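Before any comments, here is the structure.
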Amino acid sequence: MWWRVTSLSQLVSSSKPSLLNQMRAAYGLKLWQAFSTEDFKRAEGGLCHPGRTPVTTFVLGGPGSGKGTQCTKIVETFGFTHLSAGDLLRKEISSNTENGAMILNTIKEGKIVPSEVTVKLILKAIESSENDRFLIDGFPRSEENRVAYERVVGTEPDFVLFFDCPEEEMVKRVLNRNQGRIDDNIDTVKERLRVFTALNLPVIKYYSGKGKLYKIDAIGTEDEIFERVLPVFAALRPKTCNNILQKQAINEK
Ligand SMILES: Nc1ncnc2c1ncn2[C@@H]1O[C@H](COP(=O)(O)OP(=O)(O)O)[C@@H](O)[C@H]1O
Ligand SMILES: Nc1ccn([C@@H]2O[C@H](COP(=O)(O)OP(=O)(O)O)[C@@H](O)[C@H]2O)c(=O)n1
Ligand SMILES: [Mg+2]
């Protein structure tokens, strides 16, 4: 798997190997299996496969802005793997895991689950995928999320999509979503919007300052919005779309 550090010499050659890296070297553990709360605090990151760089895109926007809907279209067209932080957390609830009750309460209140839990789920999903391009949807939701991911993974996203949608429209969409979600009610949505402004906007500003942010107007039909998304990925074409182009070429022969 590309995400894991494959060379032991690389692991031990860093000036101060973390406990996490020592454990991995000793037991061949995947990252998500290896870190406990204590390790998580100390992890030093830098987990990149030599010669193979994954394309990672964070997908941000308020509740109901259309992140999930557009991710589905991006997956269909560009072959990314869609990792929704919210879906990963909801799966934990339905699997009755040790954190299930805590996650359920946090989501019900419209607050943010501790980064330790969410980053671990994302890494587990990445590590069990053969793909090398990922859409990470609904993450990072706070500076704490962002810093935790960077510390553990050791990389930044290649770019960040931000679906910019007026609050009134987001509320309307969430209340019509009809997926039986415990947080799709007016009280929780109000809190989620407050949390979005207070904690997620600073992350969006951070990536804007780094020149990595693509702000997409999220008003319009799903197809109209996807038309605005396309050019962002077209710029990455040579790197990300080889398989699709190859398949197209074969089909056209
Ligand atoms: N452009 C759009 N116009 C109207 N409704 C939309 C649009 N895009 C998505 N929706 C609907 O709005 C709701 C929220 O969309 P979703 O993709 O789940 O948003 P998010 O993941 O950002 O919360 C869903 O019911 C979806 O079908
Ligand atoms: N990085 C994240 C993502 C989601 N969550 C929780 O999961 C809830 C639902 O997230 P989601 O991404 O599925 O929500 P939408 O924006 O798609 O409506 C959030 O309101 C948070 O309570 C979190 O704590 N941390
Ligand atoms: Mg979503």
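The backbone N, Cα and C atoms fix where each Cβ goes, glycine too.
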Per TrEMBL, member of Arg133, Arg177, Arg181, Arg194 binding ATP alongside Gly64, Ser65, Gly66, Lys67, Gly68, Thr69, Gly220: Arg177
Co-listed ribonucleoside 5'-phosphate-binding residue [TrEMBL; alongside Arg90, Lys111, Ile112, Val113, Gly138, Phe139, Pro140, Arg141, Arg181] among Arg192, Arg228: Arg192
Site of maximum Cβ density within 10 Å, from binding-site residues Gly66, Gly220: Gly66
From binding-site residues Ile112, Pro140, Asn145, the one whose Cα lies nearest Gly68 (ATP binding site): Pro140
Spatial separation of Gly220 (ATP binding site) from Asn145 (CMP binding site) - C-alpha basis, Å: 30
Ribonucleoside 5'-phosphate binding residues Arg90, Lys111, Ile112, Val113, Gly138, Phe139, Pro140, Arg141, Arg181, Arg192: largest Cα-Cα distance, in Å and rounded to whole number: 21
Other CB atoms, at most 10 A from the CB of Asn145 (CMP binding site): 24
Annotated ATP contacts Gly64, Ser65, Gly66, Lys67, Gly68, Thr69, Arg177, Gly220, maximal Cα-Cα distance (Å, integer): 17
